[in-house]
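In what follows, a single structure is set out as structure tokens and then discussed.
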Amino acid sequence: MIIRKFDSRAELDFYAAQYFVDTITTKPTATLGLATGSTPIGIYEKMVERYRSGEVSFAQITTFNLDEYVGLQPENEQSYAYFMKHHLFGHIDLPADRAFLPNGMATDLAAECSRYDAMLAAQPIDVQLLGIGHNGHIGFNEPDRTLHGGTHVVGLKRETLEANARFFASMDEVPKQAITMGVGSILKAKTIMLVGKGADKAEIMKQALTGPITTDCPASLLQTHANVLVLLDQEAGRYL
Ligand code: GLP
């Protein structure tokens, strides 16, 4: 595991975007695992800048997002499909038919999970971008006695609903379920880039990266992966 701390978020975002640009330059058909939340927004901004300056093309890559809420249309501004379009996909030359998210509107959610796993198996992820929840969740893999390997439907924990309520008009509107890639699928990525920003992530970053490996903190399972790159701002990295 490599841990890098940055003096500013702008430097972190630049470094992460450069990492993706280098990945795509080396392998134009790379498969990227993408994430939502506030953490990756600056990284996506920098990737769009690099695209606009003509330094990189996303035309041949494939992307898989970690998760999506159940019951939100892609046009809903709170859906992760909308988030990705707004922050990245709408601004680059990635073909829409190679940018995958779980379909939270599927009538058969179990079949949708199997479909997603089959696609992931066919196109293994080269670099998986991850943020982290305050309770150590990755994607929407919440702390529990057991964790799922593959893509599955998950009920969101109260603390996650509360953390995500800021994006909705009221707590009642926050979807109670999501589809998420499993920890097993995440750990199959060749490289994992875990990003943390802000003082509120300092404690969970320390616990996840140096504490016991436990399903109580899903991000702690990243300690078992051979190729994890952790990018932190000074606040998130203060205990590391
Ligand atoms: C959501 C997402 C996670 C993300 C987490 C943290 O729960 N499903 O993928 O890591 O939020 O979000 P933020 O980056 O806004 O702190």
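In case you wondered, yes, glycine gets a Cβ from its N, Cα and C as well.
Because TrEMBL annotations are produced automatically, they should be read as predictions rather than curated entries.
Keep in mind that what you see is a predicted model, and the values were worked out from it rather than measured.
Among the features that TrEMBL reports, domain 'Glucosamine/galactosamine-6-phosphate isomerase' is placed at 17-227. Residues or ranges marked as active site, proton acceptor by TrEMBL: ASP67, HIS137. Taken from TrEMBL, the feature active site, for ring-opening step covers ASN135, GLU142.
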Handout entry: Neighbouring C-beta atoms (10 Å sphere around the C-beta of ASP67 (active site, proton acceptor))
Key = 22
Problem - Same chain, 6+ residues apart, C-beta under 8 Å of the C-beta of HIS137 (active site, proton acceptor), given in sequence order - result: PRO143, LYS157, THR160, PRO218, ALA219
Exercise for the section: List the active-site residues ASP67, ASN135, GLU142 whose Cβ sits under 6 Å from any atom of ligand 1, in sequence order. Expected result: ASP67
Practice task
Have a look at the active-site residues (ASN135, GLU142) and report the one with the fewest Cβ neighbours inside 10 Å.
Solution key: ASN135
Practice task
Determine the mean pLDDT over the domain 'Glucosamine/galactosamine-6-phosphate isomerase' (17-227), rounding to the nearest whole number.
Solution key: 96
